[in-house]
């Protein structure tokens, strides 16, 4: 038995200078797991609650001492003495103890940090790397895949202080044969994009996720700049590199009049018009994945978008599904989107995260493992992507150590599997829904 002997919570700082929760889980035998909760900027209304103190005298009200206290007191008392290898039981104890639908008592940030730290401690006690232990928990022991990166190289929306409405413009190095080659391609395009922007007299300051955040005349301009950078790097757009976007449409949807108001370029669309606007962009550029292409509450709009684009474009639900199996189940039944974005802290525990990935895969949806805009050096999502063979990961651009930490962990995992004589396949474009 991998007995839990001590649980410690603390307040640390994330990549935006805001506090977050870090947890340590100690086991008999000296095994320790350490994990931190991430934090989002554009958040779905149905996400599990991130508990903040609201004390304006500390961190402008964003302190997490209440969540930390929950870790050090109620949660610690409930799980000390339990077997860390019973991940589902540990998570359920915390969920039941919290007693709310959205984890608002302790905070999803408290529960998640402990959940992940527990998994890391349990993996250590079994002498397994985290990705291998996650595969065991997932019921797919020994089945691994390296993920195709979706690299956010131009940031807009809530992730940047510029006039670009669409939140993320991403590249996917689909022509690569390995994860390491994919990262090299991504880095080369990123550096060439800096040259393209500088030549146009534009800013090369970066946003929350490490992508550039220039002011541009339109969203199409962002895609044109990326196209130029891809070609400048010596690659063929549509063959070596494909494009993806996160619209984060809820951020510019006007609930009062039902219009999508893109103030950056002075355009306003109905739900169906916005789908056709995106359709035109897909005709002009090899965009193979669109995330949150409608407001989270506009299910009628999502159904229409899925009908129009779903046979050839991966339509990812982030704010739409918030990593929640109840909401995802309803979406699957109604034919809404064809992919889910997976964010640990939207649901608040490893067990529930694995359940969402399984439900998606069983329904023929893809699952894209994702960071948040507020991150730490914690690289657990890299192990999650490999251990569930999810096939795709979204963890930012080729700058900012909080993003690169995940890529470097993927490099280590890929190398370790190769050395063991069990290399994990890199799926390339096949990982993307509608592109196999």
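Every residue gets a Cβ built from N, Cα and C, even glycine.
Features as listed in Swiss-Prot:
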- 167, 343, 372, 373, 394: (2R)-2-phosphoglycerate binding site (BINDING)
- 209: active site, proton donor (ACT_SITE)
- 246, 291, 318: Mg(2+) binding site (BINDING)
- 343: active site, proton acceptor (ACT_SITE)
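In this structure, the CA atom of residue 343 ((2R)-2-phosphoglycerate binding site) is 13 Å away from the CA atom of residue 291 (Mg(2+) binding site).
Of the listed binding-site residues, namely 167, 373, the sparsest CB environment within 10 A is found at 373. Around residue 246 (Mg(2+) binding site), taking its Cβ as the centre, 29 other Cβ atoms fall within 10 Å, counting all chains. A distance of 10 Å separates the Cα atom of residue 291 (Mg(2+) binding site) from that of residue 167 ((2R)-2-phosphoglycerate binding site).
Proximity note: of the listed recorded positions (209, 372, 394), none has a CA within 10 Å of the CA of residue 318 (Mg(2+) binding site).
Residue environment of residue 209 (active site, proton donor) contains 31 other Cβ atoms, counted within 10 Å of its Cβ in all protein chains. Each residue in 167, 168, 245, 247, 248, 290, 292, 316, 317, 319, 341, 394 lies on the same chain as 246, 291, 318 and has a C-beta within 8 Å of the C-beta centroid of that Mg(2+) site, without being one of the site residues. The local packing around residue 318 (Mg(2+) binding site), expressed as other Cβ atoms within 10 Å of its Cβ over all shown chains, amounts to 30.
Note on residue 291 (Mg(2+) binding site): other Cβ atoms within 10 Å of its Cβ, all shown chains, come to 28.
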